[in-house]
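K.L.:
Quick one: this structure, given as structure tokens, is what I'll be asking you about.
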Amino acid sequence: MSSTNSTVSCNGNSNVDIQTMDLGFDHLDLDRYVDVGNKLADAAGEVIRKYFRKSFDILDKEDLSPVTIADQAAEESMVKILEENFPSHAIFGEESGWRCKENFADYVWVLDPIDGTKSFITGKPLFGTLIALLHKGRPILGIIDQPVLRERWIGISGRRTTLNGQEISTRSCPQLSKAYLYTTSPHLFSGDAEVAFARVRNKVKVPLYGCDCYAYALLASGYVDLVIESGLKPYDFLSLIPVIEGSGGVITDWRGHQLHWEASSNSDVASFNVVAAGDKRVYQDALDNLQWY
Amino acid sequence: MLSHSSSRFHSLNHHPRHPNPAIYSCSLSLPFRISHSTLKFGAIDFKMSSTNSTVSCNGNSNSNVDIQTMDLGFNHLDLDRFVDVGNKLADAAGEVIRKYFRKSFDILDKEDLSPVTIADQAAEESMVKILEENFPSHAIFGEESGWRCKENFTDYVWVLDPIDGTKSFITGKPLFGTLIALLHKGRPILGIIDQPVLRERWIGISGRRTTLNGQEISTRSCPQLSKAYLYTTSPHLFSGDAEVAFARVKVPLYGCDCYAYALLASGYVDLVIESGLKPYDFLSLIPVIEGSGGVITDWRGHQLHWEASSNSDVASFNVVAAGDKRVYQDALDNLQWY
């Protein structure tokens, strides 16, 4: 009963009815969201390609992370499209923060125009544009886009994840000793998190570094088994959830709890510890070794 | 399950790749066919080193070319032919590698526990075959197949690493590289870094400007460490004293293998510092980096040198590369590797 749309779609397909009643939106809505999601990634990509490997000013933010005119321009291009298409939706952008007519909204688009700004700045084509759509706090659409390589992973609630239109799947991996693990940098772990991470890292087959969100995309595609990171912001993991779950993988915090962040005008941008795996067995093995209670 | 996205990769450089244009400082009236069997290895006297150099000296008023020919024992025609074949090697390895990238294949663990794949082996074989056809008297040192030569020593040695960054290759990450170096009397005169999925090729040639897909490139200025972007592949490649020394420098970015050196030559990265590198992993980088205005040495500031032969041990080296001499000196001062 949450929207008029759900009344219309109840007439046809019974599976859709259940989903519609539960979630308050239907497939037509979802396809429109995916469509606009693609437009967002296209627009951000255009901007980013203009700046990639060109000179530009790098500003240091308060937390000393670098941001560039490319980040800001790419985010603006996406915000513009959303304001035209879904004026009642809220937007939470990494650069521009919360934008909405209300203080709360059922639909929130969460945007990170360049995840892996340091890779972008150094001309390394493995950063990503991250786009998530939340419905009542739950990510129903996630996009990871690499605009230089022109690779786009799209995860949608209830559907199989695709890479450039092809369905993909994670791969099997029975245990840590067989696992290829990625993390962006050992320097992003501190204190207890560093110790916990080391317990897993010491047991995996091969620990690798330096991929940002691209590592999660590789995991969804079945080339990587495990990604473990600490201190991730919501705009950096929300889009990953539908991508990874839709390809058969699992992604939670280090306690095995679902990652959840309620976006609003009052939101603190908390940090989260994230573990993603292609196979439930290596996922459990990782949790058992993280011992994050 | 496996996507065909590899066919969607675009060259990052919108200009079509073309062979490094021949840069002749002299004009030769006739193409002269090089007969390799007449080249005398080890000859320092330029009159004897090849019939070609005699021809080129006649037409050329540029004394720089003469000096270079006298010093080095080869001439521009030779070098262009080497570059030409170097491009063929990279093309051949790239064909093989693209066939295997993001496909399933068996991964074998070598004695030192580093993974090697059928792609490594097949790519190297494809290059060896081309070299045996084109330069049968040259020696070859391949990471997978070792030393190959009719003699025990020779003036020309091709040093090959078909996939530098095998772990990146195995995990579907398109930043590994094919590395090709040609040594003349132990000195790298040609270096190629090739990324076959992104179709990016860096070519460094003795006495010439380095190019990326045919465009000349240059390192960028960087006055000191605090302003530098530093890359290294993995924290696990440093041990003991090397680990302590490296920690004195600054927090690096990770995960690029040879691609980091290529980014440095292109002016997007300021410093690359690594430990435990094998000769087949750094020799090709030298002409690429020096030809773009950068510097690359060991941690003591000494030239990196490895004499390849049938008896060579494959020693490990600590390498530092920089785009600007100032940040290079700052790095050495912090490494304090005496």
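Here the Cβ of each residue, glycine as well, is placed from N, Cα and C on the backbone.
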K.L.:
Pick the one from A:D192, A:D225, A:D236 that TrEMBL also lists for the Mg(2+) site with A:E94, A:D112, A:I114, A:D115.
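P.N.:
Record check against TrEMBL: Mg(2+) site with A:E94, A:D112, A:I114, A:D115, extra candidate from A:D192, A:D225, A:D236 is A:D236.
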K.L.:
If you count Cβ atoms within 10 Å of the Cβ of A:D236 (Mg(2+) binding site), leaving out that atom itself, what do you get?
P.N.:
24
K.L.:
Between A:E94, A:D112, A:D115, which of the binding-site residues has the fewest other CB atoms within 10 angstroms in the structure shown?
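P.N.:
Each of the binding-site residues A:E94, A:D112, A:D115 was scored by Cβ atoms within 10 Å; lowest is A:E94.
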K.L.:
Determine, for the Mg(2+) site, the additional residues of the same chain whose CB lies within 8 Å of the mean position of the CB atoms of A:E94, A:D112, A:I114, A:D115, A:D236; present them in sequence order.
P.N.:
A:L111, A:P113, A:G116, A:T117, A:G128, A:T129, A:L130, A:C213, A:K233, A:Y235
